[in-house]
Amino acid sequence: MSRTLTPLLDRVCEPQDLRAFPESDLARLADELRAETIDVVSVTGGHLGAGLGVIELTVALHYVFNTPEDRIIWDVGHQAYPHKILTGRREKIRTLRQEGGLSGFTKRSESVYDPFGAGHSSTSISAGLGMAVASALKAEKRRNIVAVIGDGAMSAGMAYEAMNNAGALNARLIVVLNDNDMSIAPPTGAMSAHLARLVSRPAYRSLRERVKVLGEKLPKFFLDKARRSEEFARGFLVGGTLFEELGFYYVGPIDGHNLKHLLPVLKNVREYPTGPVLIHVVTHKGKGYAPAEASLDKYHGVNRFDIITGKQVKASSNVLPYTKVFSKALREEASYDDKIVAITAAMPTGTGLDFFAEKFPERMFDVGIAEQHAVTFAAGMACEGYKPFVAIYSTFLQRAYDQIIHDVSIQKLPVRFAIDRAGFVGADGATHAGSFDIVFLTTLPEFVVMAPSDEVELMHMVRTAAAYDQGPISFRYPRGEGIGMDLPQRGEILEIGKGRILHEGNRIALVCFGTRISEVLVAADELSAEGLSTTVADARFAKPLDKDLMRRLAREHEVLVTIEEGAIGGFGAHLLQFLAQEGLLEHGLKVRTLKLPDEYLNHGSQEKVLSRIGLDAVGIVNTVFSALGRKIRTVQRVRV
């Protein structure tokens, strides 16, 4: 179908063009921006619902504030596609989340209109406060700093830490609370809009401050009564008492889709000389696109789709994704053991725990965007004899590292960590890559670290974790599908710290930790065809290492190559340290480690990027050839 005409949007290259429009044109411009956003994501896939929910807010912010001199910080960045279209990136917007194209999140290196990069939630207020204080220290002319944060992100403690600090500093910071679940308070029509305009006027705020000064001279009894009366009135009408207690001047709630309500409030707040302000806007995810509005997840993250029907393009496959294999295995284990509980930090669908909750709703806990709390909550349950499984993306586990050490590992509490999206994740790029969990977990004493080579092994590791009560244990698995193995009804319990041999050879040893095993097996076939007898080992455990197996491989082979989808300092590094301590590097053994490069990998196709960095069969074969002094060449791919 032909694309929707966008005559107004076509005139906008950067926000200064937008600011030349009369206010009467902005609603039509917002409609065009919404149509363009829908069209873009229908082609690229990505996050749609959040962006559709902030179309009018995005237009209003760039219209009122002098970006990029004024700073707009988008929390998480899921909602920033319309922002990118308005800020000079429309020509490249259909490269979104593709290798060499635009990021799916805000990114400082991409545009001056992205003052702070994002991907994880709840960072915007802290970053904005830092910018506001820095601006004040430099004695710059008044610069507006605006942090836009969703109500979901407000469930994280970091947001309140920042607000508490901003209130204490009386910093000149504007926070826009995008309440897209109406979880705090709905707007109440004309009265709410009128009140928001009234209380946002500088004259009202100035009068309020003067009354406060005068009130300090009154007896405490009268002062308390006056304060409580105002708090009751404003809290009853607009729900802002909590934010006022944190030192913010509260305005709202207002309809975030009504430009006639948004513009005067933003203009009023723009003129405030001091103090932090919170503007509470209520929006609806997926606004203006019926399939998104009707969907339970509001099209939060989607594949390419048909605009007319909303039907997403999905590859047909009977192979289960690793996430579904995990959730199936955990639900099976829970049917045998009523002490098994599951914990997620606001990702029940992404981690597969929604499937677990269908059968055991009372044993699944979604704690919100609160990874630190999730881990210590699990530790508390472990203290009382329960078997908590914390299902979490590798990238988000980073946020709870102190809790992993202090609350779990030191106390040797049997918390189970199911680490999803391990390794390179593809289109979401550097902020979501699961690069570091092997490194930061294998450094912890007596912490068991596993990785399955396929989906059957994943089922074994779920059962192994359920049976292990001696301390913390983890297993990591990637985004995407398995390799199509027939799945048992239930996994088996593995012996802790024992790997396995998949193919016996006598010259080359390929030791894989994780799901690159299929590429390793292809490489082994190619090496064998070249006359290089090859052993393939599935390590299973990075910690504890299978020391007997590693000694044998080191003594019986000329070249040993480790393969893992993790950062420097992981499985290969631990194996090298062991070999050095054992004196196994002193008799001619050639060791090479294949891993993720020492850089932050940008978005792109999983298969293409992993091939480019050498974590495929071609890269493995060429690594062996290089170790042997053979000429590196392009290898014909053989699929098994």
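Each position is counted from 1, following the chain as shown.
Note: Cβ is positioned from N, Cα and C throughout, glycine not excepted.
Taken from Swiss-Prot, the feature thiamine diphosphate binding site applies to HIS78, GLY119, HIS120, SER121, GLY152, ALA153, ASN180, TYR289, GLU371. Swiss-Prot lists ASP151, ASN180 with the feature Mg(2+) binding site, giving sequence analysis as the kind of evidence.
Sequence-distant contacts of HIS78 (thiamine diphosphate binding site), defined as residues of its own chain at least six apart whose C-beta falls under 8 angstroms from its C-beta, comprise HIS47, ALA50, GLY51, GLY104, PHE105, HIS300. Look at GLU371 (thiamine diphosphate binding site): DSSP puts it in a helix. Counting Cβ atoms from all protein chains shown, HIS120 (thiamine diphosphate binding site) has 21 others lying within 10 Å of its own Cβ. Sequence-distant neighbours of GLU371 (thiamine diphosphate binding site) (same chain, 6+ apart, CB under 8 A from its CB) are ALA345, ILE392, PHE396, LEU397, ARG399, ALA400. Counting every protein chain shown, the number of other Cβ atoms lying within 10 Å of the Cβ of ASP151 (Mg(2+) binding site) is 17.
Take the CB of ASN180 (thiamine diphosphate binding site) and look out to 10 A: across all protein chains shown you find 23 other CB atoms. Rounded to the nearest whole angstrom, the C-alpha distance between HIS120 (thiamine diphosphate binding site) and ASP151 (Mg(2+) binding site) is 14.
Maximum C-alpha to C-alpha distance over the listed thiamine diphosphate-binding residues HIS78, GLY119, HIS120, SER121, GLY152, ALA153, ASN180, TYR289, GLU371 is 32 Å.
Sequence-distant contacts (6 or more apart, same chain, Cβ under 8 Å) of GLY152 (thiamine diphosphate binding site) comprise SER121, ASN180, ASP181, ALA346, GLY368, ILE369.
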